[in-house]
Amino acid sequence: MEYPYTTKMLSSSLSPQNGTWSDTISLLLALGVALYLGYYWACVPQRPRLVAGPQFLAFLEQHCPVTVETFYPTLWCFEGRLQTIFRVLLQSQPVVPYRSEVLQTPDGGQFLLDWAEQPNSTHYPDPTTQPIVLLLPGISGSSQEPYILHLVNQALKDGYRAVVFNNRGCRGEELLTHRAYCASNTEDLETVVKHIKRRYSQAPLLAVGISFGGILVLNYLAQTGKAGGLVAGLTMSACWDSFETVDSLETPLNSLLFNQPLTAGLCRLVARNRKPIEKVLDVDFAIKARTIRQLDERYTSVAFGYKDCAAYYQAASPRTKVDAIHTPVLCLNAADDPFSPVHAFPLQAAQKSPYVALLITARGGHIGFLEGLMPWQHCYMNRVLHQYARAIFQHSVGLPDLGVLTPEDGKS
């Protein structure tokens, strides 16, 4: 039996002309936005966790308010992987007039330093004592990375001289030996620090390492003790445990988004420098690697003389070396970093150390830390550098006695 009148009424009530469907969709969208905003404001903005010994903790709380203030990640991309990806896609590339310098290494290699000068600094008019910020990029990065350019600009705005240490081959220069770089070998960083201190012996030097560069800074500080030539260190998104890092990067989504593209870029560096490398290993086999672990097994651990990849990862992991660090270093990490899992952070060691402080944000990803609705310019990393460098260069009177603290007094 047909009910033409009922059918007609139902069709009419659901027709687009009556606005029922559009009103429903609008209501659902409004509800979705409200739920999203409610979740964001209830769960996402949080104060970072600051883990340090009591004197260093008090120093940071007093001179670096960013360490105790709520971090508000960008509203529309606060998840860790999104923060990591959008930092690469969205950040602007400010123009920095670098002056490049080639350094030769004791083993016959070479790499580039890129200097950014502030010749008429009103804060530090004496160029012999003008503070220097030494920046170390990520594993395949250089002085041209947007995050490095922004940090260099921040250093210049604050009146400092900036210099970027480009790992061998990362600025396009050819390798002169079979060795590029690895996270456990700090010989090139030692060459850089000595070179800077010879030229500017009276200038305080702060090393800022990002990701792979942060691992180098931590390992360098652990190896040199108080004789490293640095007044302090700052790391951002450093990977504390190499085993945990490669495990995290080999999960399906992280492998697709990060591991495979990063490995491909490193393989291109090896292939581009085939001539010196093929003297010690099979280049064709090495560049078939599809993961960081495979490349480290086939190239890095072999080139740097390790028994195997596990031995290299053990030597490269700063997680076990916190007690050996005797220079103040602030370490910024995000709990949702796909490269550096939070369970690998050395919380207890930092709590007992007078020199190492961990600044852990709930969000931020890997070299992300985007904040504000339109995060094209500055981000949380810039603010951390600005306040920490100022604290180190202007208020260092609170730092020399850190070593007299008793380890039991640490807190978080």
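Positions of Cβ are set from backbone N, Cα and C atoms, glycine also.
Taken from Swiss-Prot, the feature N-linked glycosylation site applies to Asn18, supported by sequence analysis. The transmembrane segment feature in Swiss-Prot is assigned to 25-45. The domain 'AB hydrolase-1' annotation in Swiss-Prot covers 131-372. Feature annotation from Swiss-Prot assigns active site, charge relay system to Ser211, Asp337, His366; the stated evidence is similarity to another entry.
Within 10 Å of the C-beta atom of His366 (active site, charge relay system) sit 26 other C-beta atoms, taking all shown protein chains into account.
On the backbone, the CA of Ser211 (active site, charge relay system) and the CA of His366 (active site, charge relay system) stand 8 Å apart. Per-residue confidence over the domain 'AB hydrolase-1' (131-372) averages 97 (mean pLDDT, predicted model). Rounded to the nearest whole angstrom, the C-alpha distance between Asp337 (active site, charge relay system) and His366 (active site, charge relay system) is 5.
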